[in-house]
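Trainee: Please read through the structure below; I'll follow up with questions.
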């Protein structure tokens with residue numbers, strides 16, 4: 001057990017093996033009956049769904065229940081679960097009197113408390129905590145916004161409105177410049193009948209209409225019979241070709257993403273964004289470490305958030321379940337601040353909910369015991385053993401991903417990302433509208449051309465008849 005030594009470096013000359021200390025501390029819990037206080041909160045402590053009435057420990061299930069079972073196998077103690085009377089975790093009032101599970105430990109009504117009980121400095125002053133069995137932090141639970149409705153003209157989305165205006169401006173400008181330069185350059189004037197030397201009439205292929213037709217053809221990656229001959233017009237054409245090459249490549253690269261990916265736009269992105277707006281209400285658990293975090297924080301953003309929550313008592317919730325319901329019913333008008341571990345569990349089963357932003361802090365869940373309790377050391381050592389063996393990860397995987405409908409939202413996300421989404425009429429309907437509009441416009445122009453030609457023909461006939 002120990003070795004006696006006269007070495008002055010050793011306290012009292014006795015070196016006691018830590019292995020025997022650990023073994024002895026674990027022996028102190030053998031055949032001990034512990035009263036364990038807990039609070040209902042998925043997935044830590046839940047009442048079993050059954051067709052017949054259960055009693056005692058058999059009526060409960062969850063992560064905390066399985067954790068105690070694993071600890072009892074290592075430490076060989078017996079236990080009895082009891083629900084905390086006021087369904088609170090523990091927070092002192094103005095007189096310093098604690099409620100919830102912490103209060104029951106202080107009053108000696110329970111031996112230990114196990115739940116998603118956060119280790120805080122104020123609670124450490126009142127009770128003792130074991131080594132944390134789970135690490136977490138405060139984050140934001142929010143309802144997923146509905147996917148942005150696809151616009152009929154979504155094929156225009158790869159470019160912003162200002163870019164489209166610039167493209168149209170470039171098209172008009174280049175076409176006009178090509179017309180002017182084509183008129184100025186002598187090399188663009190030629191005899192339409194080169195075999196007839198007596199013809200002195202020269203023609204220029206780059207009329208105003210032909211100039212616009214040439215630039216629109218190259219913009220649409222289509223060729224035409226018109227070809228520049230002068231160095232000046234060829235320079236304009238070359239620069240325009242380069243411009244259209246880059247613009248078409250950029251447009252094509254973004255078009256697939258805009259047509260196949262349905263965007264979800266979140267009105268808030270983090271706690272700072274939540275605090276700086278006034279159309280989305282937000283709250284937390286009315287009695288717990290999250291409320292204490294905001295009420296005691298010296299950070300301006302969190303102080304402003306607590307000022308809002310404390311002045312609007314209706315945003316504070318009795319439990320995480322009430323908070324989740326408030327988020328679902330809020331339709332994007334309410335956000336609930338809670339531990340990320342609980343958010344992870346919730347969004348695994350409620351595909352319409354999501355976590356917004358990162359963690360506001362870092363903390364852990366631990367088993368609480370009365371101050372100076374001999375239970376703290378053996379429980380901490382057993383928790384470390386479970387952590388090193390991977391048992392805690394297995395427990396979390398079981399209750400977060402497998403049981404009670406876990407993993408269904410993750411499976412839906414995998415299915416959506418692995419399959420090809422077919423384009424609907426909402427995605428490409430605008431192209432058909434443009435096609436129909438172009439055909440209608442061409443028919444209208446054809447009728448005008450026919451009427452204009454018929455009118456001129458009639459006038460010519462009248463003038464010939466009169467002469």
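Yeah, the Cβs are placed from backbone N, Cα and C, and that goes for glycine too.
Reproduced below are the annotations present in TrEMBL:
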- 118, 123, 289, 290, 339: L-glutamate binding site (BINDING)
- 351-409: disulfide bond (DISULFID)
- 33-402: domain 'Ionotropic glutamate receptor C-terminal' (DOMAIN)
- 43-107: domain 'Ionotropic glutamate receptor L-glutamate and glycine-binding' (DOMAIN)
- 268: site 'Crucial to convey clamshell closure to channel opening' (SITE)
- 163-181: transmembrane segment (TRANSMEM)
- 239-261: transmembrane segment (TRANSMEM)
- 428-448: transmembrane segment (TRANSMEM)
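Give me the structural setting of these features: burial, nearby parts and distances.
Mentor: The Cβ of residue 339 (L-glutamate binding site) lies under 8 Å from the Cβ of 116, 118, 136, 137, 138, 139, 290, each of these being in the same chain and 6 or more residues away along the sequence.
Other Cβ atoms within 10 Å of the Cβ of residue 409 (disulfide bond), summed over all protein chains shown, number 18. Look at residue 409 (disulfide bond): DSSP puts it in a helix.
Residue counts for the domain 'Ionotropic glutamate receptor L-glutamate and glycine-binding' (43-107) under DSSP (helix as H, G, I; strand as E, B; rest coil) come to 24 helix, 13 strand, 28 coil.
The Cβ of residue 268 (site 'Crucial to convey clamshell closure to channel opening') lies under 8 Å from the Cβ of 140, 142, 274, 277, 280, 335, 356, 357, each of which sits 6+ residues away along the same chain.
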Trainee: Quick one: average pLDDT across the domain 'Ionotropic glutamate receptor L-glutamate and glycine-binding' (43-107), no decimals.
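Mentor: When the pLDDT values over the domain 'Ionotropic glutamate receptor L-glutamate and glycine-binding' (43-107) are averaged, the result is 89.
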Trainee: What is the biggest Cα to Cα gap, in Å, among 118, 123, 289, 290, 339, the residues listed as binding L-glutamate?
Mentor: 17
Trainee: For the transmembrane segment (428-448), find every same-chain residue at least 6 residues outside the stretch whose CB is under 8 Å from a CB in it, and list them.
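Mentor: Contacts with the transmembrane segment (428-448): 151-156, 259.
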Trainee: Among all the protein chains here, how many other CB atoms are within 10 A of the CB of residue 289 (L-glutamate binding site)?
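Mentor: A 10 Å sphere around the Cβ of residue 289 (L-glutamate binding site) contains 23 other Cβ atoms.
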Trainee: In the three-state scheme derived from DSSP, which category covers residue 123 (L-glutamate binding site)?
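Mentor: Residue 123 (L-glutamate binding site) sits in a helix per DSSP.
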Trainee: Rounded to a whole number, how many Å is the Cα of residue 123 (L-glutamate binding site) away from the Cα of residue 351 (disulfide bond)?
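Mentor: Here the two Cα atoms lie 35 Å apart.
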Trainee: Cα-Cα separation of residue 289 (L-glutamate binding site) and residue 409 (disulfide bond), in Å?
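Mentor: Between the alpha carbons of residue 289 (L-glutamate binding site) and residue 409 (disulfide bond) there are 29 Å.
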